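*Asks:* Okay, so Swiss-Prot annotates it like this:
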- 79, 395: Fe(II)-heme a binding site (BINDING)
- 258, 262, 307, 308: Cu cation binding site (BINDING)
- 393: heme a3 binding site (BINDING)
- 33-53: transmembrane segment (TRANSMEM)
- 74-94: transmembrane segment (TRANSMEM)
- 95-115: transmembrane segment (TRANSMEM)
- 118-138: transmembrane segment (TRANSMEM)
- 163-183: transmembrane segment (TRANSMEM)
- 200-220: transmembrane segment (TRANSMEM)
- 252-272: transmembrane segment (TRANSMEM)
- 284-304: transmembrane segment (TRANSMEM)
- 355-375: transmembrane segment (TRANSMEM)
- 394-414: transmembrane segment (TRANSMEM)
- 431-451: transmembrane segment (TRANSMEM)
- 473-493: transmembrane segment (TRANSMEM)
């Protein structure tokens with residue numbers, strides 16, 4: 001190949017066209033966009049499932065689902081698994097992580113582009129398997145926790161739970177491969193001059209999350225494989241009549257399950273740090289403290305799992321340890337909350353939609369954190385365990401908290417991804433509808449839990465009817481807000497104004513704002529040099 005043809009070859013971006021561009025893509029931006037589109041689709045499906053069982057719970061009597069309480073449990077299971085594994089993780093970790101980590105560190109792409117492709121398509125396959133399981137033998141009505149004996153052959157004799165287990169295996173594999181890719185990218189492909197402590201906090205949050213996934217996911221894989229062999233190959237890991245112990249499954253599941261909570265929320269912490277710094281026009285307060293807080297949250301998150309199991313008969317010493325350990329997690333989390341507030345303090349603050357969602361996140365996450373401190377007390381948890389108080393707590397933290405950070409990131413970066421800037425008034429309307437809807441849904445559930453209403457039941461005494469109706473109305477408003485969000489996306493893509501390279505002004509000082517909107521197919525082929 002002579003010099004002229006080489007130059008021509010390098011001058012062309014060789015962007016593939018049509019469906020092959022997406023199916024075979026190894027470009028981190030295309031794969032990030034596919035993750036985000038998939039997450040929005042899965043979120044709508046999971047949200048519709050929750051609306052169905054909120055309609056069932058709107059009034060006592062169990063009439064909406066025609067007394068099909070197995071279907072109710074299948075909806076609960078599918079809603080939880082979809083929202084955790086197919087909505088929040090693909091949006092925050094897969095979507096924004098894939099798209100923006102290489103841009104934020106000045107890398108040309110991810111370290112392993114083909115691995116990136118299979119990570120995404122494994123997730124789609126897992127989603128199809130999970131949806132299919134709902135139509136097999138009555139569906140998996142176990143809850144997302146898959147506790148035996150309900151998930152054993154005695155509780156679910158058909159193939160539904162086996163399909164759900166394979167779905168979880170595939171989504172776990174997808175997450176692990178994506179994590180390896182991101183860790184290698186962050187450690188090996190930073191631009192010259194960008195030390196670890198010059199990286200934006202979003203990159204740090206993805207790095208910590210990736211390590212959590214690699215350490216936690218194999219434990220889930222082991223637990224559900226043992227469950228699979230109990231169901232199909234005559235082992236007795238969790239069958240008491242064969243010398244097994246169902247509580248062992250709970251230990252294994254929650255050793256994964258509690259770090260999973262931080263896997264869900266940590267990338268959101270990173271997004272909020274970027275957004276608040278940008279719109280306060282100040283560097284983040286206590287950068288190294290914020291990094292340290294994330295690392296400590298990740299570490300302590302692994303050693304408090306049994307606070308999900310305070311009522312299974314743990315020893316007195318174990319109760320003391322897990323109560324104290326759980327309360328300690330509030331310290332690094334508090335460091336982050338107060339650092340965000342300190343960043344805003346004295347800043348030149350503006351309030352576009354991403355900033356509203358970030359402030360909404362701080363409010364919601366703080367409410368959820370306070371109820372978490374109450375639940376961390378094993379004595380109080382004896383009363384509150386498996387009531388709607390717990391439902392309210394974890395929705396305020398990992399659900400609403402993570403959702404609001406995802407919306408903050410979406411509005412913050414949508415112009416950069418698409419080249420079209422959303423109309424600010426539409427974004428603000430979306431924020432207020434969502435904020436009112438989710439609070440109307442979940443705040444009354446604190447009262448229901450304190451009054452003694454248990455989780456995972458399709459019918460209830462009339463004493464609980466009032467707040468359940470309020471909660472169901474809130475769910476309807478929240479679903480309307482989600483559909484309105486989809487409308488905003490399509491409206492912006494069709495009628496939105498062209499987005500400048502940096503729509504946010506001086507506060508946005510990370511590398512992605514030096515590129516065009518949308519960025520070219522290949523970026524940073526010559527690495528930028530970071531100074532200062």
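In case you wondered, yes, glycine gets a Cβ from its N, Cα and C as well.
Since this is a predicted model, take the numbers as computed values, not measurements.
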*Asks:* Near residue 395 (Fe(II)-heme a binding site), which residues of its own chain have a C-beta under 8 A away, given they sit six or more steps off in sequence?
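*Replies:* Listed in sequence order, they are 368, 438, 441, 442, 445.
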*Asks:* 79, 307, 308, 393: which of these binding-site residues has the sparsest Cβ neighbourhood within 10 Å?
*Replies:* 79
*Asks:* What else in the chain is close to the transmembrane segment (163-183), if you only count residues 6 or more beyond its ends and a Cβ gap under 8 Å?
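*Replies:* For the transmembrane segment (163-183), the sequence-distant neighbours (Cβ-Cβ under 8 Å, at least 6 residues beyond its ends) are 77, 81, 85-86, 89, 93-94, 97-98, 101, 110-112, 115-116, 118-120, 122-123, 125-127, 129-130, 132-133, 136, 140, 142, 146, 206-207, 209-211, 213-214, 217-218, 220-221, 224-225, 227-228.
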*Asks:* Residue 262 (Cu cation binding site) to the residue listed as 'heme a3 binding site': how many Å between their Cα atoms?
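*Replies:* A Cα-Cα distance of 15 Å.
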*Asks:* Cβ within 8 Å of the Cu cation site's Cβ centroid: which residues qualify beyond 258, 262, 307, 308?
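*Replies:* Apart from the listed residues, the neighbours are 254, 257, 259, 261, 301, 304, 305, 326.
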*Asks:* Tell me if the transmembrane segment (200-220) touches the transmembrane segment (284-304). I count contact as 3 or more CB pairs below 8 A, with pairs 6 or more residues apart.
*Replies:* yes
*Asks:* Would you mind pulling the DSSP three-state label for residue 307 (Cu cation binding site)?
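*Replies:* DSSP assigns residue 307 (Cu cation binding site) to helix.
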*Asks:* Cα distance, residue 79 (Fe(II)-heme a binding site) to the residue listed as 'heme a3 binding site', nearest Å?
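*Replies:* Residue 79 (Fe(II)-heme a binding site) has its Cα 17 Å from the Cα of the residue listed as 'heme a3 binding site'.
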*Asks:* Using a Cβ cut-off of under 8 Å, list the residues of the same chain at least 6 residues beyond the transmembrane segment (473-493) that approach it.
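*Replies:* For the transmembrane segment (473-493), the nonlocal Cβ contacts are 40, 43-44, 47-48, 50-51, 54, 407, 414, 418, 420-423, 426-427, 429-430, 433-434, 436-442, 444.
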*Asks:* I want to check the contact list for residue 258 (Cu cation binding site): same chain, sequence separation of six or more, C-beta distance under 8 angstroms. What comes out?
*Replies:* 301, 302, 304, 305, 307, 308
